[in-house]
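S.K.: Pasting a structure here, questions to come.
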């Protein structure tokens, strides 16, 4: 491998297999690359498949700055309720829903678009009192997590499968923290028949697309060939404005000093930006602050994450 393992830095676009937890995938890649510093962005349920962004090396510090938008292909089964809000759990209620039509369902989907209040599943990775909710639930301690506001940008109907327990296939584009299992449950409740998630594929996450993802077997093969397909930070963070520093400025900034910058337009306060050196090398993430009230174009670039 051309990259030194000790200085490896970047992201991998993993197609998570079904039956694996997100942590299982991280552990596998740690063993594969023989490094400890590996993390992931956006937990996927074990039964789900699709895009799982993997951060390698110091790129783990950049995970909070990746784009939040996610896209899913979800299949919802109606007439069935489970304790996990998917088919992996215990069935709590089951009944015929063969009277439902797409014409009945379509208008209800609008209630799930925009800023919506959502209660996460009782079986989830949310922490409460230092414990994951799924850990408590497995011990019989079912805790209803507090509701929270999430953003759903779009819901498109992909297919409809009528029957005793009809299934609805949707494309859902949303922000971080949105539980598709909760949408399945709540849609079923609105229809009065119950609902649960039958299948979930994440097609986009943190700017990475399923069409360009690689399986664990693909990654293992490419790693052995010395061709690990790392996505460099500049590309993964292309949604952020880039600010270039001169060599003296870069040295000071990397030592933790703020740098005064003059912009033709005022940048938003606290905006995160990519910071690069004059040769284009990625230095880290900075934050914009305004200090000169008389000239709001004069701002400072505060070190947020320094990688150089």
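Keep in mind that glycine also has a Cβ here, set from the backbone N, Cα and C atoms.
Features from Swiss-Prot:
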| type | residues | note |
| --- | --- | --- |
| ACT_SITE | 45 | active site, nucleophile |
S.K.: Return the count of C-beta atoms lying within 10 angstroms of the C-beta of residue 45 (active site, nucleophile), excluding that atom itself.
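M.R.: For residue 45 (active site, nucleophile), the count of other Cβ atoms within 10 Å is 25.
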S.K.: Could you check what DSSP calls the residue listed as 'active site, nucleophile' once collapsed to helix, strand or coil?
M.R.: coil
